[in-house]
Every structure is written in C-alpha cells, then in structure tokens.
Amino acid sequence: MNIDSLYKNLKFNSSQDLCQIFVGLAIGEQIFFSEKSHYVKTSKLNNILDDDKRSNSKLMLKTPGLKFFLIAVKLFNINIETPNLSNIQTALLLAYYNQSLNRITTSYNYFGIAIRWALSIGLHLNTNFLKIDAIEKFKRKKLWWTTFALDSFATSRVRLPSHINFDQTDVDLLDENDEALWKGSTSLADQVLLLKFTDKIYNSVYSSTTRNLFDSINNPKESDNLIKNNNNHANKHNNGATSKLINANGQISSHQHQHQHQVQRSQQSQQNQTQPLQPHADSQATAITKKIENFTS
C-alpha cells in the first residue's frame, strides 16, 4: 500500500491496510535488531528495548516488533470474500513473523490462508488471457511464487500436507526479463525449481500410505458385496426404472439387463458357497479392472 495516503488522510480507517502497516513495522524492528545483534552486545540491545516504558510486559519489551505484531493480529480480518493482492501480502507477513516466534503451526495456518486467497483470485493460473499491463502481471506472478515458496518451506517444518503442488499451477516462472523490475526475480525462480524436487521427496517420505481406488474391486469377495449392495440400492430407489449403466465392454445397457446379470451371479455364488473363491473369478468388476490395467499399461 502507499504509506503516504495514511499521513494525508488522518481519518484513514481501513483495518486491512493498518494491519499491513503494523506487521510491517514488527518485521522491520525485528530485522533492525537482528542486524544490530551482529556487532552490538545483547545487553546493550536489551537496554535499548527497556527504554520503552509504556508496557509492563517484559516479554513484549524483549521481543522486537511484538507490540506492533499484536496490534496487527487484532486488525487482521479473515472474512474476506474477494481478497486482493494486499490481503495476501498481509497474511504472508503475519505468517513470517509467527515463524520467528517459533509458532510454526500458526505460521502454517496463515500461509494456508494466503495460498487459498491466491487460488481464489487465480494467481496460480497463466494471465495471458487477462487484459492487464506488464507491471500488474509481474506483481501477480511475483506474489504467487513468493507465496508458493514460503508455504513449501513452512510445510516441510510441520510435516503436514502441502496446500498446493508445483504441477497444479501453470503460471510462468520469473526469469531474467523480470530482473529489471525486481532484482530478486532469478533467485526466487531458482528456489521454486528447487522446491519442485524437494516437495516430491518430502511427499514420498512423510505422506501416509496411498489408498488404491481399486483395492476393494480387486478383492473378489468385496466386489461381490459391492455389486449386491448396488443392486439392492437400485431396486429400492429406481423401482424398475431404466437407468443407463456401462458394462465391462464399454457399451451402454439398461438397468434391467444389469439386474438380471447380478441375479445370475448371486445364484452362482450361493451354489458355490462351499468352494473357495477363485482369484480370477469371471465377474464384471474383475473385467473392468483388467480393462483399466490394459488401458493404463
């Protein structure tokens, strides 16, 4: 946002813009004392912080930027139906400061808000179809990849599912042509390319066991139960009405034909109750599974 507008209008009352200002002050003070700490003794830094007598909280005095951050949190509004770029930036800044407090779960949640707001306005999509100028296009692209990178780093810390994967976006990466607008363009692009591979490694190591969509179909006993339940459900709700289903050969058949086929299979199953089920039983579910395997092989 334009800080000058705040000073020109003393009745400025946008809570979201004020929130961004205060969280910016919080991070700015944090960076200031972080740089000072490299060549100033900790005791001297503490004395500087202690000069602020307006608060009785030692924690607030000893934590650079915390007093501004707490104000920003109170001003932050999550109930926004149509977010803008500034709203997403504010969520990122709040998440970033939470990381410095080692509140990694809270930080992960704020990054999640930023990602979802970005998705809701299409930042993850190519903007060639939008009638916007080059500067606005660059801002959208820069904000998206910044959000993506910070969220990926946060995800790796908490070992929780990522909010979006690299292959779910088609927006162009920043390149050397963007260096004229922002010197960090190439560096951010390199980070994104690295995260593309680290995310794959992370997901393979920490993700839970992937469920197979056809696990139950591959089990003959479970597939028979599914067929019977489906048949009973159809009889109850359709009352014999014709419904189009796809058989194993990929042709369209009526519900009555499907029902007759399942009744025959039920009778065969009852006759063979004393015999173990064969792993390659001639069932519709098995045929479907084989066709899928042949199609995908």
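Cβ atoms here come from the backbone N, Cα and C positions, even for glycine.
The model shown is predicted, which means the values in this text are computed figures rather than measured ones.
Noted in TrEMBL for the protein shown:
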- 107-180: domain 'Xylanolytic transcriptional activator regulatory' (DOMAIN)
- 224-243: region 'Disordered' (REGION)
- 228-239: compositional bias 'Low complexity' (COMPBIAS)
- 251-284: region 'Disordered' (REGION)
- 263-278: compositional bias 'Low complexity' (COMPBIAS)
Counts of helix, strand and coil residues, the domain 'Xylanolytic transcriptional activator regulatory' (107-180), according to DSSP: 45 helix, 0 strand, 29 coil
Integer mean pLDDT for the domain 'Xylanolytic transcriptional activator regulatory' (107-180): 85
